[in-house]
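TrEMBL lists 1-207 with the feature region 'Disordered'. What TrEMBL records for 9-37, 140-194 is compositional bias 'Basic and acidic residues'. Per TrEMBL, the feature compositional bias 'Basic residues' maps to 38-47. Summarising the annotation, TrEMBL assigns compositional bias 'Low complexity' to 57-77, 96-108. Here TrEMBL flags Gly373, Lys374, Gly375, Gln376, Arg377, Gly378, Lys385, Ala386, Gly387, Lys388, Thr389, Thr390, Arg416 as ATP binding site.
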Amino acid sequence: METAPVGEHAAEKAEAAAADQEKPTQPVEKSEVEKPARKTRTRRTRVKRDAAEESAEVATAAEPAVAAETADEALQAKAEHKASDAPATDEAPAKAQDAPQGEAAGEAADAKDAQDMAPGRAARAARTPRKSVRASGSAHADRDGRKQRDGGERAEGRNDKNNRHNNDRNDRDQRDQRNDRNNNDRKNRNDKNNRHDRHQRNNNREVVPSVTKEDLAKLKVAELRAKAAELDVDVAGLKKAELVDAVFDATMKAEGFIEVEGILDILQDGYGFLRTNGYLPSEQDCYVGLSTIRRNGLRKGDKITGTTRPARPNEKYAAVQKVLTINGVAAEEVGKRVRFGDLTPVYPDECLTMEHGKSTITARVIDLVSPIGKGQRGLIVSPPKAGKTTILKDIAAAISANNPEVHLMCLLVDERPEEVTDMQRSIKGEVISSTFDMPTENHIQVSELVIERAKRLVEDGKDVVVLLDSLTRLARAYNLAQPASGRILSGGVDSTALYPPKKFLGAARNIEGGGSLTILASALVETGSKMDEVIFEEFKGTGNMELKLDRNLADRRIFPAIDPVASGTRKEDLLLNPQEAPLIWAVRRILANTNNTERAMDMLIKSLKRTNDNTEFLMRAAKKAQHSNGVANLDF
C-alpha cells in the first residue's frame, strides 16, 4: 500500500485551509474596518466611535492566533483519521506516524509564512511581541474591558437623559390628543391669576350672622317671644312682622353686626376709617379695608352706611363688611361718578340773598355792599374783636333761612370751646370744630376731611357753603406740621406751608351745569404778628369777594363794623338785579364821598332801621336824590 499520495493530498488540503483562513485578513476588509467615522459634534458619537475602534483592534489582533489553532486542530484530526484507515502492519504504523508529523510541521511552517506575508494589523499583531495573545484570547482584555464598560455606561447615561427629554417632548406634543387641557383643574383651584376667584375668596371670608329674617319668619309667635325675652327686647303689642324685625336687630347687635353710618377718611396707605362720631378720630370708628374701597369705588369724604362684623381678637376696630349706601344712594345703583377736578368752574351767577327780615341789619348791609353768590370765594378780613364770629353766624342764619337747599358746613379751627357751643346752638347746619387745646394734626385732619366731604357733595350736583374760622390759624397749623423745606419767608412762614390752605380756598367754584362750592373764610389782620400779615398778603388776591371789618367802628360800638368803601365783589353785575344795580351803585358813591367811614356807616345803619327791607330803602334813596337834583345827601 502506497503512502506517498496520502501525504501529498494532506499537504494540499493544509494549504487550502491556510488560504481560507487568510481571507478575513484581506486588505479590502481591513480597510473597511479602519475607515474613519463621520465627524459629528456630539460627545455621545465620539464615545461610540472610540469604543468601536478599540473592539475592532482587539478582534483583529486575535484573528491570527485563532486561525493557527484552528489549522493545528484540523491537521491533527485528519492525521488521526488517516491512521485509523491504514492496514495493521509493522511498517505502516511507523510510516504513518512519521508522515503526519512531517506534514504537520510543513503545514505549520507554511501557515507561519502566510501570516508573516499577510498585510495590515493582523501581520503587525502577530509579529509584535507586546501584542501577544493571552490565555483569554485578547490583548490587554482587562484594560480594554474597563474602557468599554466606562464608555458604555457614560453613553447609556446620556442616552437615558436624552430619552427622558424626548419622552417629555413627546408627552407635551401628545397633550392635545389626550385632551389634558380640557381636563385641567386650574380653574377650580382659586388661582391668584383669576380675579373672580380672588373676589370669591374675599367674599368667603365674610362673617355671617347666625340667623336671618327668613329663618325667624318661619318660627311661631311663641318662639319669637321666647327669643325676644332672652335678648331683653320689649315686644309688647308687636305683630309678627314687627316682632321678626325686633328680634333680628337685637340678635345682630348682640353678635356684633351693627349698621353704622359715617364719613370715610382714607389714609395714605389706601385703607380708611369710617368716622362715626363727627370728623375726628374716635374709639367708635370702623375699619374699611382696601378691597372694600376699591370694590365700591369709595372716595375720601363719602358718607357711607354699612354693616360691620365683630372685631377679631387681634383687631382694635370693627370692620365694615358690606356697604349699603353711598351718599344716600344704594351701593348697587351707584355708577361711574365724575371727579371734582374734571368739573368746569365759572363765575358766580346766582345770588345768595342774605336779607331775611327787618332786624337783620348785617345781612342787609352785605347785600348792598358786597353781595355773595353761589360759588363765591370770599375773605372776611377782620382785626381782633371786630365781630367776625358774629358776622359768620348772621351769614349762616341767612343762608339757612333763604336757601334751605344749600348744604351748610361751618368749620372752626383753633377757636375757643365756648364759641363752638354758641355756633352749634345758633345755626342750622354741620358744625365741625377743632379747638385750640387739640393737637395741630387734628386741625389739619379735620379741615382736609371737611373739604373732601364738600367736594363729594358738589360732584352730586349740590350747592355747598363752607364757613371757615379762621384761615390764618389753619395756615399756622400747616406751618407747624409741615416738614421744613429750608425756604423761610418773613415772619417765620415756610413757603410750602401755604400750599394746603390755598388748595382749601381754591376749591370754591361755581360749576357749569349745576352744583357750587362757596367758601367764606376769615383772615386776621392787625394782630401785631408779621406771620399773620404775610399769610393775608398771600391770600389777598385769591378771592373774588372781600368783606373788610373796621376796628374803629367796633371800638365805637357800631355794628356791623363793615367798611362799605373797602368791601366789594368781583363781577357783581352777574349777581345784582338789573333794576336795583344803578340804585345800589348810587348809594355807594354817596358813602364814598363822605370820606368818613364812621359817619357813613352810622347813617346807613340808621336808614336801614327805618325801612323794612332793602328794596324800600333803595326806592327812598332814589326819591331823595331826585328832589335834591343829584346832590349827594347822607340822609337817605
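Don't overthink the numbers, they just go from 1 along the chain as shown.
Glycine too: its Cβ is placed from the backbone N, Cα and C atoms.
From a predicted model like this one, the values you see are computed outputs, not experimental measurements.
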Cβ-Cβ under 8 Å from Gly375 (ATP binding site), same chain, 6 or more residues apart: which ones?
Pro345, Val346, Tyr347, Pro348, Ala508, Arg509, Asn510, Ile511, Ser516, Leu517, Thr518
Neighbouring CB atoms within 10 angstroms of the CB of Arg377 (ATP binding site), all protein chains considered, total 24
For the binding-site residues Lys385, Arg416, the largest set of other C-beta atoms within 10 Å encircles the C-beta of Arg416
When you tally the Cβ atoms that lie within 10 Å of each candidate's Cβ, which of the binding-site residues (Gly373, Gly387) has the highest tally?
Gly373
DSSP three-state call for Thr389 (ATP binding site): helix, strand or coil?
helix
Looking at Cβ-Cβ distances, which residues of the chain lie under 8 angstroms from Thr389 (ATP binding site) while being 6 or more apart from it?
Glu419, Met423, Asp469
Specify the secondary structure state of Arg416 (ATP binding site) as given by DSSP, simplified to three classes.
coil
If we take the residues Gly373, Lys374, Gly375, Gln376, Arg377, Gly378, Lys385, Ala386, Gly387, Lys388, Thr389, Thr390, Arg416 that the record assigns to ATP, their largest CA-CA distance in Å comes out at 29
